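Copied over from Swiss-Prot, here are the features:
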SIGNAL    1-21  signal peptide
DISULFID  C28-C61  disulfide bond
DISULFID  C41-C147  disulfide bond
DISULFID  C103-C119  disulfide bond
Amino acid sequence: MKQNVFFLIAYFSLVFCMCNAVSHFKNCADKQLSDDKPLQCKIRNLQVDGNMPKVKEYMNCAFESSGWAKDGGKKLDTSKVAQDMVPYGFNIKTELDEVTKECETEFGAEISSIDYLACLLIDEKTKTQFKTMLMMKEADFFKQNLCN
């Protein structure tokens, strides 16, 4: 009985923490894109690339404030990304490492957070898990009605 109570308390604590987590994507959008709702809509729908004005800087802000990237988005911290995925039921550190290495080879020295985002969302090894985690962890941003 005590064990069940402990697990219930732990579960509700985790749910409470996840619901009240800071949305780094929303904070960066509020700081950098508050006057550009059409671009926020495209980001919300993940219909962006690094050639679009403001997107590279925005994604670097979102990834760096999440703790996922360093050095202007040039280095992805797969350990931190993997750690952030665990509460959502995903344990794919090896796959994150593989996709990140392939991405760095493809984009070279000019890589940025938007490139890492694209790689993680395109590769079969990570796309479903990463997108699910992103939508849940950053729900304050991704659940907004930005497209009207």
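Each Cβ is built from the backbone N, Cα and C atoms, and glycine gets one as well.
When the disulfide-bonded residues C103, C119 are compared by the number of other CB atoms within 10 angstroms of each CB, C103 has the fewest. When the alpha carbons of C103 (disulfide bond) and C28 (disulfide bond) are compared, the span between them is 24 angstrom. Cα of C41 (disulfide bond) to Cα of C28 (disulfide bond): a span of 14 Å.
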